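> Below are the structure tokens for one structure; questions will follow.
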Amino acid sequence: MILFTLEHILTHISLSIVSIVITIYLMNLLVHEIVGLYDSSEKGMVAAFLCITGLLVIRWIYSGHLPLSDLYESLMFLSWSFYIIHMIPYFRNHKKNLNEITAPSAVFTQGFATSGLLTEMHQSTILVPALQSQWLMMHVSMMILSYAALLCGSLLSVALLVITFRNIFSKCKSNHLQMGAFSFVEIQYVNKISNVLQNNNLISFRNYHRYQLIQQLDCWSSRVISLGFLFLTVGILSGAVWANEAWGSYWNWDPKETWAFITWTIFAIYLHTRTNGNLQGSNSAIVASMGFFIIWICYFGVNLLGIGLHSYGSFALTSN
């Protein structure tokens, strides 16, 4: 009872801290950045990370297993994974690269997990027989970490596309062109223009700053997605071994397995486009943006259906 109460307190403390951090980020976007507030927000993220880490450890202690057995626990672990990704650039003194992506992702994920929709899952239950395996920690943790990394990388690609298309709109407006659908050729044209801007000594500061931002987003999205793809690959392979032990087959084309394979394929295509210089930038970002929606279908959408061999990970967890 004491541990459960402590877990409840840590949950709301961490959620409150991250909510304040989000408010500070929004203030910095709307007005000039205040150094003192920005440093406070970073310290707040560290404090929230420690709170949710303690929460997961406490739940692990009194449940007797890694807290990854249902949707509530996986959402809390997903939120914790966002904190991990946030901490990496923070301790490497690259504070502004991922903050605007990881902080909102952490608070929205944790906010949904602690909402009234998942109240019945807040109390830990006995694992179903299929989850009583040493592979639980390996498989599920790798999958959740991959979801967090791929979602962050995809959102960075979405931000890149927003800046790119905004640049196209501004060019069309300045030249009094009619608004229309942007073709694949136009996107390539913007990429070529960006490459020219790098070597142009007469470029304006505003365009150069935009070019640098696009390059940073492209670089960080590629790194984070590559890390997530590695986690996803390990997660799928370990899941196949676990499936063979539990069900006697490495692959059953279960809805969860099918969408995991689709997710893996989408980001394999993304990484392939990164090897072609002509397809980098906006073109590869479009693929990653598609992957953002595919991940949510794989992780959350399939659970809503409550069908297949992975149905025990949905909204209801039945203990035996």
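Each residue's number is its place along the chain shown, starting with 1.
In case you wondered, yes, glycine gets a Cβ from its N, Cα and C as well.
Reproduced below are the annotations present in TrEMBL:
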DOMAIN    68-310  domain 'Cytochrome c assembly protein'
TRANSMEM  12-32  transmembrane segment
TRANSMEM  44-62  transmembrane segment
TRANSMEM  74-91  transmembrane segment
TRANSMEM  138-163  transmembrane segment
TRANSMEM  224-243  transmembrane segment
TRANSMEM  258-273  transmembrane segment
TRANSMEM  285-309  transmembrane segment
> Let me check one thing: do the transmembrane segment (285-309) and the transmembrane segment (44-62) come into contact, meaning three or more Cβ pairs under 8 Å with sequence separation of at least 6?
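Contact between the transmembrane segment (285-309) and the transmembrane segment (44-62): absent.
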> If we skip the immediate neighbours and take only residues 6+ beyond the ends of the transmembrane segment (44-62), which ones have a Cβ under 8 Å from one of its Cβ atoms?
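Non-local partners: 3-4, 6-7, 10-11, 13-14, 17-18, 20-21, 24, 73, 76-77, 79-80, 83-84, 86-87, 90, 99, 103, 106, 110, 124.
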> Short question: which residues 6 or more past the ends of the transmembrane segment (258-273) have a Cβ under 8 Å from it?
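Counting only partners 6 or more residues beyond its ends, the transmembrane segment (258-273) has Cβ contacts under 8 Å with 143, 150, 225-226, 228-229, 232-233, 235-236, 239, 279-280, 283-284, 287-288, 290-291, 294-295, 297-298, 301-302.
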> Would you mind giving the whole-number mean pLDDT across the domain 'Cytochrome c assembly protein' (68-310)?
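Across the domain 'Cytochrome c assembly protein' (68-310), the average pLDDT comes out at 76.
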